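As given in Swiss-Prot:
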{"type": "BINDING", "residues": "Gly36, Gly37, His38, Asp55, Leu88, Asp102, Gln109", "note": "S-adenosyl-L-methionine binding site"}
{"type": "REGION", "residues": "268-291", "note": "region 'Disordered'"}
Amino acid sequence: MRKYNDKHIPVLPNEVVEYLLWKDNGIYVDCTAGEGGHTFLIAKKCPNSRVIAIDVDLEVLEIAQKNLKAFHNVILLKASYVDLPVVLKSLGIERVSGILADLGISTYQLKAEGRGFSFNRDEPLDMRMDIQQDTSAHKITNFYSEEKLSKIIFKYGEERFARRIAKQIVKNRPINTTKELVEIIKKALPPSEIRKRKRHFATKTFQAIRIEVNKELKNIEQLLKNAEELLEIGGRLAIISFHSLEDRIVKHFIKNSNNLKHIAGPIKPTQEETKNNPRARSAKLRVAERI
C-alpha cells in the first residue's frame, strides 16, 4: 500500500442518506466505492438491504474492504460503472432500488504518493484511476498532437490559454513528471493571469488531462443510461458532481429523460460541512426518481 495518511470523509452524507435510501429491504449500488464512506452509511442505515459497491481502483478497494469488514450485506467488486449491467447480471440482479455516484477524483487518488494526480508533488505523470489500463497522463502529454491537446485542455479544462499550453507541452517533450508539466504550464501563461487566478494555475490543465485519461465525461453519460435501465420503479439516482462539466451532463440527462423525474438538487454542502471537509465545497448533489 502506498503512503497515505489522510482520513476520508464522505461528501453530503446526510443528504445522500435522506434522498437515496427510500426503503430498507432494497438493493443499492455505490458506483464509486472509494474508501467506503458512503457505502458504510448505506449499509448501516439499511441493514436489511444488499449493497453492491464497485470501483475501478484496486488500491482504494483494499482500504474499503477494511472499513466495511463489519458489514455482511456489502459486496465489494473491482468494476467500472460503465459495466454495471454486466456486474448486476453476474449477481443475478435485474433491478435495483438506488444508485449513487460520487464523481471525479477521490481523496486517496489525490493524496496517495505516486498516483500523479496532484500538482503539489513531484511524481511520475500517471492520473489513471484504474492502474491496470494503458492510457496514462504520460502517454497523452508526450504523444498527442498539439491540436488534440489544445482541444482537450480547452474542452475539459475550460482553459482559455489552451493553445499556448499545448504548444509549450509539445515544445518541451519528453515530459515525465507532474513538476515538469506544472513548469511548462507556468511558462505558457501570462504572469498577470497566474497572479489573478484564485485557484492554482495548473488546475484546469490537470483536470483536462485527467478527464481524458479516464474518459470521465463519456463514462458519466453511460452511467446515466445504465441507471435509467436498471432502477426499479420508485428507485432513486443520486449523483454528486464537482465541476460544471459533470453537473451539466447530469442536469440535462435528467431533464430530457422520459423515465426519470427530478426530485432534488442541486443540493450544496452547508457551511459547517465545508469547514470540516474542504473537499466538499464545490459538490452538488442531484437526485432523480425512476417513474
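Every residue gets a Cβ built from N, Cα and C, even glycine.
Keep in mind that what you see is a predicted model, and the values were worked out from it rather than measured.
A count of other CB atoms within 10 A of each Cβ picks out Gly36 as the most crowded of the binding-site residues Gly36, Gly37.
When Cβ atoms from all protein chains are considered, those within 10 Å of His38 (S-adenosyl-L-methionine binding site) total 28, not counting its own.
The binding-site residues in question are Asp55, Asp102, and the one with the fewest Cβ neighbours inside 10 Å is Asp102.
By a simple count of nearby Cβ atoms, those within 10 Å, the most crowded of the binding-site residues Leu88, Gln109 is Gln109.
In the three-state DSSP scheme, His38 (S-adenosyl-L-methionine binding site) falls into the helix class. Spanning the listed S-adenosyl-L-methionine site, residues Gly36, Gly37, His38, Asp55, Leu88, Asp102, Gln109 have a farthest Cα to Cα distance of 26 Å. Residue counts for the region 'Disordered' (268-291) under DSSP, helix first, then strand, then coil, are 11 helix, 7 strand, 6 coil.
Annotation note: Gln109 (S-adenosyl-L-methionine binding site) sits in a helical segment as assigned by DSSP.
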